[in-house]
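First comes the structure, then the notes that go with it.
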Amino acid sequence: MNLILMGLPGAGKGTQAEQIVAKYNIPHISTGDMFRAAMKAETEMGLQAKSFIDKGALVPDEVTIGIVRERLSQEDCVRGFLLDGFPRTVAQASALEEIMKDLGKKIDYVLNINVDSGLLLKRLTGRRICKECGATYHLEFNAPAKADVCDKCGGELYQRSDDNEETVANRLDVNIKQTKPLLDFYEELGYLQSINGEQDINKVFADIDVLIGGLA
């Protein structure tokens, strides 16, 4: 099963990725991990990426796409994979189609975890972190026993500056605009599957499981 996982910040992608790879024993391939592994292994594309990163420059698409090709050609991807964080643009998605064709494979589903932006705002702005031990809480979903006090060490809880409402709303807005052309591209190809991410975590996975179970 060859899957792409999409969703806005706060949609719960990480949690669902963990459950998918645990049940179906396929590699979870995130962009960051892919780059780190390629640079560590000193592959041709990894060395090229490192030369750009060391200069503080953006890694060009052709290098990123080369790293994706290297990674998807590895033995652990024979039974499938879960791609997370790539592609980000229609150009990258088109390049991925070419890679899959060359490898004699196809993308089975693009799973988009769908959550209303108002609910995402609530999820993302409710996070609080302990100044002393770094424990993470959420005002609605995982509140401390005593307001603004860490259950573990009694430290003061604070909101990170990039978790404030205006910053989060801007971040979501940018993500929505960037993601829409990609979702349209995959809908046209017939790969896109919308998953209701507003449900309980286990129910979200149950819906994904029903969808992809037949691919195993």
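Glycine is treated like the rest: Cβ placed from N, Cα and C.
As the structure is a computational prediction, the values presented were derived from the model and not from experiment.
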30-59, 180-209 - the range that Swiss-Prot marks as region 'NMP': 30-59
Beyond the flanks of the region 'LID' (126-163) by 6 or more, those residues with Cβ under 8 Å of it: 171
Longest CA-CA distance among Gly10, Ala11, Gly12, Lys13, Gly14, Thr15, Arg127, Thr136, Tyr137, Gln199, per record bound to ATP, angstrom: 22
Structural state census, the region 'NMP' (30-59) (DSSP three-state): 21 helix, 1 strand, 8 coil
Site of maximum Cβ density within 10 Å, from binding-site residues Ala57, Val59, Cys133: Val59
Candidate with sparsest Cβ neighbourhood (10 Å radius) among Arg88, Arg127, Arg160, the listed binding-site residues: Arg160
Residue pair Arg127 (ATP binding site), Phe86 (AMP binding site) - Cα distance, angstrom, rounded: 26
